[in-house]
């Protein structure tokens, strides 16, 4: 069943930055269409910057259209230079192939087949580019591109303006490769709409032009906004780096905490971008939060929605449990897998061998600058061990969680996860 109001809803959510022909595209989407978005493998996992375009494909699927996710097994060997200050490092074919496999698995999980909806398609542009010779590429694709027009593109001009960097022919040719993707998908799958980030507008319009030249097809392009925070800074990274979708790189607990930390100025906008909550429910939540004193509900809703979407109900429950137990101080109820998540997330740790006493441990782990200060902290009740205030120095075997862990805390926020080796 086609949703005739899809473009209007996407616009009201703030998800449309540029649209090649808003009126014609709205008419075009009145019947089932095929839409694609490309994802180049630049690492072994997608990160939250990929979520908005990936979820956009899901929105089109729910509206009655066929989504196509393209993983760039060929373009990933080159790297998109769009608005990059320096030349990308080239990765080996083996590395890129491994990344393609990882990203494909993540995309399948987030873009599932659903009863009554068009089945999502996953393609790899290495399947057609790998079979094309350089001569064929130059004759069949290159002849349709004007170097004059390519040189005035903003992303190219920025690089040419830097004599210390410039742009290689390899990266200069990237737009031709992405354009060929659109033409191939139009011919093979009937794809008539490409979506992508706002920095992809030049590549998308080039692909539209090539497709029209090669196949005389009417095709469209649409970009999504660059996601920034209210203060204008780029969204999606922390001091520790990117927020990955792979739980081995960013644990579900850290993922959950990231969304809980969303600023009040951003949270309702991010609910419109990242969640499938109806706009009326988001507006009602914002109105309810405006009446509340203290912490808003929206951050909790956002964290719950996104953690369950990416990691599942079980991981959400674990993240909620860890958060609750750390906040309440009932850390003795943490499971060993919970402690492993905390260690993965970068909770400061300390590994020791053999026996020690609490004063020495406080100093060696960095929670106290000297043994005198350590004893003063203990006497003042400022040190907790596994969630309980500790005033005594001796450590007992029974203090160890699962026989090998201690969770020390000084004050409210300074934690050390101590682990006995062996």
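The first residue you see is number 1, and the count goes up from there.
Every residue gets a Cβ built from N, Cα and C, even glycine.
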Which listed span Swiss-Prot calls motif ''KMSKS' region', if the choices are 229-233, 234-238, 239-243, 244-248: 234-238
Stretch carrying motif ''HIGH' region' according to Swiss-Prot (options 21-30, 31-40, 41-50): 41-50
Site extent for L-tyrosine, whole Å (max Cα pair distance, 36, 174, 178): 18
DSSP-derived structure type at residue 178 (L-tyrosine binding site), helix or strand or else coil: helix
Binding-site residues: 36, 174 - member with fewest neighbouring CB atoms within 10 Å: 174
Cβ neighbours within the same chain of residue 178 (L-tyrosine binding site) - under 8 Å, at least six residues apart: 38, 75, 80, 200, 203, 206, 207
Segment-level pLDDT (mean, integer) for the domain 'S4 RNA-binding' (356-420): 84
